[in-house]
Amino acid sequence: MNELQLLGPRAYGDALGSAVLKATAEDFQVDEVLDIPLSGEGEHLWLWVEKRGLNTEEAARRIAKAAGVSLRTVSYAGLKDRQALTRQWFSVQLPGKADPDLGAAENHTLKILEATRHKRKLQRGAHAANGFTLRLTELKADQAAIDERLKRIAAQGIPNYFGAQRFGHDGGNLVDARSWAARQALPEQRNVRSRLLSTARSYLFNQALAARVADGTWQQAQVGDLLAFTDSRSFFMAGPDECTDPRLAILDLHPTGPLWGEGESPAGGAVHELEQQMADREAALCEWLIKAGMSHERRILRLPIGGLTWHYPEPDILQLEFVLPAGCFATALVRELVDLVPVGQTDSSCAF
């Protein structure tokens, strides 16, 4: 499956040219933003880790081995990509134990930048946001056109698609999810089950968002929409008054789409009809998610780009800096600008 099938149409028109992303790890930098004051005491050792050429799970295994503890005692807030320079927090549960020597975990691919104690472990999804610094190299596009589109994106946001990398190479994760859904069965391995259920939900969300992008309503509240604030998981239904809420215009409040689970779409009016039609087309996937015990949640359709700045270090290099809420994809922004040219034989651009 191609990117258009897995995501949907662009919001701002065709790509303005092409570029390479991640020719080196430094071209894709991610800093986890964690709004948790650390107490300096407790049985959990929190580590601020810089890694390159190493994914989060591999880093956790290295830390566990060096600390002499079970992998189950090592926690992290979110998964970060292997092909990047990333900085993120880990925690290690060490009840009644002194800080271990973690030197064996460190080399040119992993550095521990800070270590401190806290009373609680790091929970999945605990980070508030991710800060990105991207360098698009071998840029073949008109700078004036890029600048104009970035100004529009800063003012209006972008469709909050799950990135193509969520679906695996050529959509392989989705193919696997459909296969399991056709049998209404679940993989026994927990990590495989979690990955494929997440893939199915992401695809259904993208389908609903694609329909809203196609009809031009992805950033407009309609009566029956379920609205949510950027950093909130709660939502409320829009009536006529809510559709003119000034917080919509300043990108604080947004229409949402379905993360499918038990029951019909809780949206109303035309929005309910659109989402239910999508669910009817993908009945096997929806029934599979319900059978797996997933509850219905919502995700904002429009993604505001925090602190967006850009410049050109060289005529053929575009550097972007911005902040996104946790769980959102930097490649969704890049996609609105240019087509990415694969580096060597690499087909997947990044994990955000």
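Yeah, the Cβs are placed from backbone N, Cα and C, and that goes for glycine too.
Per Swiss-Prot, the features are:
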ACT_SITE  D81  active site, nucleophile
DOMAIN    157-303  domain 'TRUD'
Next item on the list: Count the Cβ atoms, other than its own, that fall within 10 Å of the Cβ of D81 (active site, nucleophile), considering every protein chain shown.
Entry: 21
Checklist line | DSSP-derived helix, strand and coil totals, residue by residue, for the domain 'TRUD' (157-303) | finding: 73 helix, 21 strand, 53 coil
